[in-house]
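Engineer: Feature annotation from TrEMBL assigns Zn(2+) binding site to Cys250, Cys313, Cys314. Feature annotation from TrEMBL assigns domain 'Hcy-binding' to 8-328. Residues or ranges marked as domain 'Pterin-binding' in TrEMBL: 361-446.
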Amino acid sequence: MKRRQEVFETISRIARERILIIDGAMGTMLQREHLQEADFRADILKDHPKPLKGNNDILSLTRPDIVYKIHKLYLEAGADFIETNTFSGTAVAQADYQCEHLVHDINYRSAQIARKAADEIYEQTGVRRFVCGAIGPTNKTLSISPSVEHPEFRNITFQELVKAYDEQARSLIEGGVDVLLVETVFDSANAKAALFAIRTLFEEGGIEEVPVFLSGTIVDLSGRTLSGQTGEAFLISTRQGRPVAVGLNCALGAKEMRPFIETIAMNTTALVLCYPNAGLPNALGGYDERPEDMAAALLSYASDGLVNIVGGCCGTTPDHIRAIAVAVKGVVPRKPPTSVNSGYMMLAGLEPFVIGAHTNFVNIGERCNVAGSRRFCNLIKKNKYEDAIGVARKQVENGAQILDINVDDGLLDGPSTMTKFLRLIASEPDVAKVRFTEHFYRPFII
C-alpha cells in the first residue's frame with residue numbers, strides 16, 4: 001500500500017507546533033454572490049432537464065472563478081486547510097439533480113481548483129496549505145427510516161453508499177487533495193460506509209493513502225447525533241477508519257459545542273478538530289455571531305488544550321476565520337494522549353461499552369434467539385415483530401448489556417428476517433443503546 005508519507009509527516013509536525021486553521025462556509029459565501037439559474041448551467045448544462053440552482057457543487061464546472069475566489073479569500077484570512085466544493089459530491093446526492101454522470105468531473109475539478117488556490121498562496125507566503133476533499137453525509141441514511149409508518153424501511157444500502165463514496169474519494173485524490181474529510185456525520189453507519197470505501201481504495205485499489213479526517217455533528221444539546229449516538233460511541237464506531245483527526249462541526253455554535261468537544265478530546269489519540277457554526281440560527285435561519293465572539297469562544301478551547309484544528313461551518317466567513325486565526329496564534333496545541341483505554345474492548349450501540357480486566361461480568365441477553373426461546377421463535381414466524389421487540393426491550397430493562405440475536409431457522413428467510421429485526425430494534429432508542437451480537441449457523445444469514 002502506497003502512502004503519501006510527506007503529507008502525514010508535515011501535518012503531524014505542524015500540529016505539534018501550533019493550532020491549525022480550517023476554512024469557513026462555502027455556502028454562506030456563495031449566497032453572497034446572488035447566483036441565478038444561468039450560473040449553475042453555463043453552456044455545458046444549458047439543456048439539462050432539471051433546475052440546477054442550489055446544486056452548489058456544480059459551480060466548480062460552471063463558475064469555477066467564484067469557487068476559486070472563495071478559496072483564496074479563506075487562504076488569505078489564514079486558513080491552513082481549505083475544503084473542496086464537494087459536500088454533495090456523491091452520486092447519491094447528485095441524483096436529486098440528475099447529475100450522477102458528472103460526479104467524477106465535479107470532484108476532480110473541485111480538487112484542482114482548490115489545489116491551484118492553495119499552491120498559489122504557498123508560493124506567495126512560504127506557508128504550506130492543504131486541500132481537504134470534502135465528503136458529506138448524503139441525503140440518505142442507513143440508520144433511520146424515511147417512513148414513520150415503516151421503521152424497518154431504508155432507501156439506501158451499505159453497498160450503494162460504499163460505491164458512491166468510492167467514486168467520490170477516488171476522484172478527489174486524482175484531482176490532487178491532500179486529505180479526505182468525511183464531515184457532518186449524523187449517522188455513523190453512513191460514515192462507516194465512507195471509511196470502508198476509503199480504506200478499500202488504499203488497501204486494494206492502488207490509490208495512494210492520504211490522511212483521513214472525520215467530523216461528526218450533533219443535533220442539539222443532548223450531545224447525540226441524529227441517529228442517537230453519543231460522542232464517545234461515535235468514536236468507537238468509526239475508529240476502524242483510522243482517522244488522523246476527529247471532531248465535530250455544524251449544528252451548534254462554539255459556546256454550545258464545548259462540552260462535546262471535551263468528550264472527544266478525552267477519548268481519542270487523534271488530533272481534535274472543531275469547526276462550529278457562527279452561533280445558533282436566528283428566526284430566519286441565518287447566523288449572527290460576530291467574528292470576535294466566535295474567536296473568543298474558540299480561544300477558550302485552545303487555551304484549555306482541547307483542540308488541534310479549528311475553523312467554522314455554517315454562517316462563517318473569511319472575517320470569522322481571520323479572527324479565529326489571530327486569537328489562537330501562539331497558543332500551545334492539544335497534546336494527544338498516546339493511548340486511550342488501552343487493553344480494553346471498546347463496543348458501542350447508541351452508547352459506549354468498555355470491557356476490561358476490571359469489568360464485572362457482562363450480561364448477554366439470549367432471548368432474541370430462535371433456537372433458545374420458543375416464544376421469540378413463534379413471534380418471528382408469525383410476523384409479530386412488535387412483540388418480538390418487546391422481548392429485546394425487556395432484556396435491556398433487566399440489565400442486559402449485549403443482546404444476542406439469532407434468526408437462523410430452516411423455516412425462516414434468515415437474511416431478510418435478520419435485516420428487518422435489526423432495523424426495527426435500531427429504531428428503538430431504549431433497545432439500541434446496548435450492543436448487538438449476531439448469532440447464526442449458516443454464514444449467509446449475516
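Start at 1 and count along the chain as shown; that gives each residue its number.
Glycine residues also receive a Cβ, built from the backbone N, Cα and C atoms like all the rest.
A TrEMBL annotation is a machine prediction, not a hand-curated record.
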Engineer: If the Zn(2+) site is taken as the center of the Cβ atoms of Cys250, Cys313, Cys314, which further residues of that chain fall within 8 Å of it by their Cβ?
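Structural biologist: For the Zn(2+) site the neighbour list reads Ala25, Thr184, Thr217, Asn249, Ala251, Tyr275, Pro276, Asn277, Gly312, Gly315, Thr316.
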Engineer: Which has the fewest other Cβ atoms within 10 Å: Cys313, Cys314, the binding-site residues listed?
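Structural biologist: Lowest Cβ count within 10 Å among the binding-site residues (Cys313, Cys314) is Cys314.
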Engineer: Using DSSP and collapsing to three states, where does Cys313 (Zn(2+) binding site) fall: helix, strand or coil?
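Structural biologist: Going by the DSSP assignment, Cys313 (Zn(2+) binding site) belongs to neither helix nor strand, so it counts as coil.
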Engineer: I'd like the per-state residue tally for the domain 'Pterin-binding' (361-446) from DSSP, helix first, then strand, then coil.
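Structural biologist: Summed by class, the stretch gives 41 helix, 15 strand, 30 coil.
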